[in-house]
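Novice: Pasting a structure here, questions to come.
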């Protein structure tokens, strides 16, 4: 897991750098105004539809492919791959037609404040971006396929390709004063990011079969896993839509942009760390789960939890402690003014703990998916989203826009507790005492690191300016965390240190 996860993190960091560049370019030309809100609204329908299906395929494909290969050989597994891809393309065609017909209705649902020319623009944006559904569905199959074949690099670089294309079209859009280039760039970026997949899949032995068999037993097995996951994704997307709709209704379209930009920064943590770890372990724990080796599956999951938290907790607390200068550095230029910085930073602080809870849930979820149980995580997610919607209304009245973020964080915390205890009930104790001690050490050192970063920045900023002060604070706080985490003698850290020593230093 270690080497693969580390490689994925490095590539993902590069991808996220381009992602920040994309958001910065968009913020420069359009700030937090109507065009950015329309862009977010237009992405909602295709993403919601695609996620309903793609999320189920992503979590179900690897276990079912493994099952087909173990039971009937690789030919059956390859036929299953072609079959599910063909079915998804037909679904994609139906979804695009559906999106074209009902685009106006959904744009109004997603952002009730849109009227007149702005609503017309949102409808056109949505109809253009709808075609990206085909790319999402294609990725749902072949990202997992390539991971199973041991190829993690090609799927990991897709974000870089996508962001470069979107950046180029955003610049063209801004310079030409034509916002529709944003929608075209989004479509082409989402489609062309997978341009290397077909060739790479063929190199790993894939040969496409023009066959559709919805009665195939492995398709049925995949559906049994996918449907609950689809329900889970639907609940999550509905909750997100409720957040955006309430923000737009009570605080105007600009509030959607504050949500969007704060989540973009936090997505750096989950995208780089959580996704890298879970992606690297999922093929392994799927093999263990399908073969009934629950003991070793739990060992891998326990290690993955500590490894994830080792990086997620300090990254989250660090981002909270330096939220305003980070937002200022990444986004403040052009139409993104001081007021936008302050409001986006406030949203980031309220949303940030959500990342810790969600990362914990994401790792544990993989244990359920590995054994073909997608119902349990779904039930918990649905409960979590119901709690989120209820607390949206309660906290909105008390804290304003920040109440939406607090509700999301609170519900995610409850969700993490529920999934952890349910896993223990289903699979037995994970012998978590040692890991719990490690997590407590990580939390304490992360809090200390965050405090050091915050107060150091406050003392340096008046003398050195926010950019230099920010980087000095990050470097010193990071060195403190690295030094103290080594002294804490956490088993996962010691294993990594030993691996680095024997792999690179001992040879010299």
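Positions of Cβ are set from backbone N, Cα and C atoms, glycine also.
Annotations in TrEMBL come from automatic prediction, not curation.
Owing to the predicted nature of the structure, the values given are computational and were not obtained by experimental measurement.
Found this in TrEMBL, in case it helps:
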type	residues	note
TRANSMEM	83-106	transmembrane segment
TRANSMEM	118-140	transmembrane segment
TRANSMEM	152-174	transmembrane segment
TRANSMEM	180-197	transmembrane segment
TRANSMEM	218-241	transmembrane segment
TRANSMEM	261-282	transmembrane segment
TRANSMEM	303-322	transmembrane segment
TRANSMEM	342-364	transmembrane segment
TRANSMEM	376-395	transmembrane segment
TRANSMEM	401-421	transmembrane segment
TRANSMEM	442-460	transmembrane segment
TRANSMEM	466-488	transmembrane segment
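Set these features in their place in the structure for me.
Specialist: Sequence-distant contacts of the transmembrane segment (118-140), counting only residues of its own chain at least 6 positions beyond either end whose CB sits under 8 Å from a CB of the stretch, comprise 34-35, 38-39, 41-43, 45-47, 49-51, 53-55, 57-58, 61, 85, 88-89, 91-92, 95-96, 99-100, 103-104, 106-108, 111, 155, 158, 179-180, 182-184, 186-187, 190-191, 193-194, 197.
Residues 4, 7-8, 11-12, 14-16, 18-19, 21-22, 25-26, 28-30, 139, 143, 146, 180-182, 184-186, 188-190, 192-197, 200, 271, 279-280 of the same chain lie 6 or more positions beyond the ends of the transmembrane segment (152-174) yet place their CB under 8 Å from a CB of it.
Within the chain, the transmembrane segment (180-197) has long-range Cβ neighbours (under 8 A, six or more residues past its boundaries) at 26, 35, 39, 42-43, 121, 124-125, 128-129, 131-132, 134-136, 138-139, 142, 146, 154-155, 157-159, 161-166, 168-170, 172-173.
Same-chain residues lying 6 or more positions outside the transmembrane segment (261-282) and placing a CB less than 8 Å from one of its CB atoms are 1, 4-6, 8-9, 12-13, 15-16, 19-20, 23, 27, 32, 62, 147, 152, 159, 300-301, 304, 307-308, 311-312, 315-316, 319, 326-327, 330-331, 340, 344-345, 347-348, 351-352, 354-355, 358-359, 362-363, 366, 369-370, 405.
Within the chain, the transmembrane segment (376-395) has long-range Cβ neighbours (under 8 A, six or more residues past its boundaries) at 228-229, 231-232, 235-236, 238-239, 242-243, 246, 361, 365, 368-369, 403-404, 406-408, 410-412, 414-415, 418-419, 422, 426.
With a cut-off of 8 Å between Cβ atoms, the residues of this chain six or more beyond the transmembrane segment (401-421) that come close are 239, 243, 246-247, 250-251, 255, 258-259, 262, 343, 346-347, 350-354, 357-358, 360-361, 364-365, 376-377, 380-381, 383-385, 387-389, 391-392, 394-395.
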